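**Q** Could you have a look at this structure, given as structure tokens, before my questions?
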Amino acid sequence: MAESTFKSGFVAIIGRPNVGKSTLLNRIVGEKIAIMSDKAQTTRNKIQGIYTTDNAQVVFIDTPGVHKPQNSLGNFMVKSAFSALHEADAIWFVVDASMPRGRGDDFIISRLNEVTETPIYLLINKVDLIAREELLAIIESYQVDAPTWTEVFPISATEGDNVPELLDNVVSHLDEGPQYFDADQLTDHPERFVIGELIREKVLQLTRQEVPHSVAVVIDKIAREDEEKIHIQASIIVERPTQKNIIIGKQGTMIKNIGTRARKDIERLMGDKVFLETWVKVEPRWRDRPQALQTLGYNEENY
């Protein structure tokens, strides 16, 4: 009996903000690796999720939502998104079925037209939000001035519809290759990064619009106190004292709520009880200061 071949490769997930890229990655990996929020631009780094089967390994690069940059952080995010295209063995372009094709989609498509030889998939996400008879017109709208899609997949990342079939298909397009990561590894980011992202997710979900894009999280300490408990200290970084006041909340209610929700997710991730301490610190205009960006982990050499 001939030995079965092992396939592997890198898949870039790209799309404008809030089309469901992080939801799709988390659906595939089965853990919260990329944060999810209804706020735009929640994904800031090229988070790698790893999907492994007996005969294949796919490393997913979930890119920041493409938008017109307003500051140095925005420039970093957009540069990060498009650099992924040059690292990938396949590209998934995700669009929102419930929204018409827009200028953000056109901008991405113009860049995809420059890509040659790499398979490019069109993923019509959130099909659970539309009537079945609307689907054909949506697909046709993305054929205009666009590359020839290798495959077109209607999916629902939230419900999981058509996602297993999508995975089988992309594996069929990959070449024979090595297993880059251990079978039980879900991401190449360290625990500190993932824990920080879980905390930032709760800030995004619970605070007002003026706060989210100004928030970063630094994990100051992770220490195992005993076999069943982990002590974590984290700093939530904002740009203005008013934002600090919002995150702390009246009599500390908001920061307590953020900590409680984050702790539950971190405990699921770590498999142990967690004692989480959080502080809020003001770093004026950190998004426009290259040194601050590097200190807070937005270093292009690492991504």
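Backbone N, Cα and C define each Cβ position, glycine as well.
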**Q** Quick check on the annotations: Swiss-Prot lists region 'G2' for one of 41-45, 176-180, 256-260. Which range is it?
**A** 41-45
**Q** For which of the residue intervals 62-65, 226-229 does Swiss-Prot record region 'G3'?
**A** 62-65
**Q** Tell me which of 53-56, 125-128, 289-292 corresponds to the region 'G4' entry in Swiss-Prot.
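**A** Within the set 53-56, 125-128, 289-292, Swiss-Prot attaches region 'G4' to 125-128.
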**Q** Using a 10 Å radius around each Cβ and counting other Cβ atoms from all shown chains, which of the binding-site residues Gly15, Asn18, Lys21, Val127 yields the largest count?
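**A** Per the Cβ count within 10 Å, the most buried is Lys21.
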**Q** How do the residues of the domain 'KH type-2' (207-284) split into helix, strand and coil according to DSSP?
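**A** Tallying H, G and I as helix, E and B as strand, the rest coil: 32 helix, 31 strand, 15 coil.
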